[in-house]
Amino acid sequence: MTSSILVVDDEPRLAETLALALEGGGLTSEFVTSADSALERIEQGEFGLVITDLRMPGRNGRDLLHELQSKRPDMPVVVMTAYASLRDAVALVKDGAFDYISKPFEIDDVIATARRALRLTQVVNENRRLRAELEGRYSFGNLIGSSPAFAEVLRQIAEVCESRATVLIQGESGTGKELVARAIHFNSPRRDNPFIAINCSAIPEHLLESELFGHAKGAFTGAVAAREGRFVTANGGTLFLDEIGDLPASLQPKLLRALQDQTFEPVGSDRSVKVDVRIIAATHRDLEAAMDDDDFREDLYYRLAVYPIRVPALRERAGDVLPIASHFLSHFAAEMTKKISGFAPEAEAALSAYQWPGNIRELQNAIERATIVASQNVITPQDLPGYVTRAKRPAATNPAVPSDLDGEMERIERDFILAALQETDGVQVKAAERLGIAERSLWHRIKKLGIKIAKTAR
Ligand SMILES: Nc1ncnc2c1ncn2[C@@H]1O[C@H](COP(=O)(O)OP(=O)(O)OP(=O)(O)O)[C@@H](O)[C@H]1O
């Protein structure tokens, strides 16, 4: 038990009395009478605190502290000493002991010190547990997918995670861009420092600057106190700028400078702040098209895209649909305590055939809903949303190898765009939504493919 205390004193009577007194205070404790037996005991059991006498024959309290610092760096050690060697005890606290107790002591003081030390152990353990959980959650193991398109993403994560290079993650909504960013952070040397995410499109323009860079007291109405921005909160770690394509033009130069020099001034302040932050940005927008339209600064784009990663849409990694669906099914079935063993073959066929314009997020929602409505021990097509089972697509078994891949791809793209426009009566915003792409990107494709839209249909 990590809340147990080990008392070490060469005077057996004193050691026993202290151990009993601690027990009397509601704490668990044991005692030993030498540093050697203490080390042996610690090897066998879990202790949350060691209280040791300083002067002992053989290895003394100082030796024990040093030994524990290398073997169990998180274990707090409290040293006890008679008044005459108080200076030594104070020196040991500077050296890393948690605290000291001078003999003779008041037992209540010892209990209070022990409680404080045990609380520290608890916090350290809790922190370690949470970190292990987070690392587990974002380790590569939880990024599901083995299709060639996704394997390339995993390879890129592994390649870039060790460096501090700025990464630009591009991909449609719901493809897992944030998960990729987290995987990079939690596999980087910065993993013990914060991962801070901010969505540039969710915060009004006038607040975004202070959100990112902080503000001085009185910088604007309502700024009653100075506040640190996300750049400072993320110091030493990673700042994830989601939807960077929506960063207002007015803030782009300031971000560029922060990226170049790791320096900026909080709003309303002329004092520069220097930070050490790794930037990972993501967008579902076509930034190159935005650059062409002068919506996004070219210099900022190149600063961000030092290492670009493109996360494929789910329809480009069709082989991953069923493994990801099964992952979500086990998750939701466990959460809802339902016994569902898998998918009926017809349900699998429907899931595989559907295009998933909303990508993994759409798949996740569909599986959550299916788990709720399922009445058998497998998911049947009736449990899936109607638009999934109704969607028709020719079976892609043994497709003929085209002699002109580019032409063929354009034909497929044109067919999908025309179908979406037809379904949405030519309303481009809706068609783009249906296809899971930005309206601007749809417009570019329409232009590129020379698709003619009837005048009435816009
Ligand atoms: N490879 C994967 N394996 C398992 N789950 C995934 C994977 N990729 C994404 N997910 C899950 O899909 C959901 C959407 O992922 P995420 O939020 O990272 O997407 P996004 O691209 O950042 O979306 P948006 O652009 O809308 O912000 C999340 O619940 C995430 O856990």
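Just so you know, glycine gets a Cβ as well, placed from its N, Cα and C.
Keep in mind that this is a model prediction, so the values were computed, not measured.
The following features are taken from TrEMBL:
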{"type": "DOMAIN", "residues": "4-118", "note": "domain 'Response regulatory'"}
{"type": "DOMAIN", "residues": "143-372", "note": "domain 'Sigma-54 factor interaction'"}
{"type": "MOD_RES", "residues": "Asp53", "note": "4-aspartylphosphate"}
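Listed in sequence order, the residues of the same chain lying 6 or more apart from the residue listed as '4-aspartylphosphate' and placing their CB within less than 8 Å of its CB are Val8, Asp9, Asp10, Glu11, Leu14, Gly61, Val79, Met80, Thr81.
Across the domain 'Response regulatory' (4-118), the prediction's mean pLDDT works out to 90.
For the recorded site, the residue listed as '4-aspartylphosphate', the DSSP three-state label reads strand.
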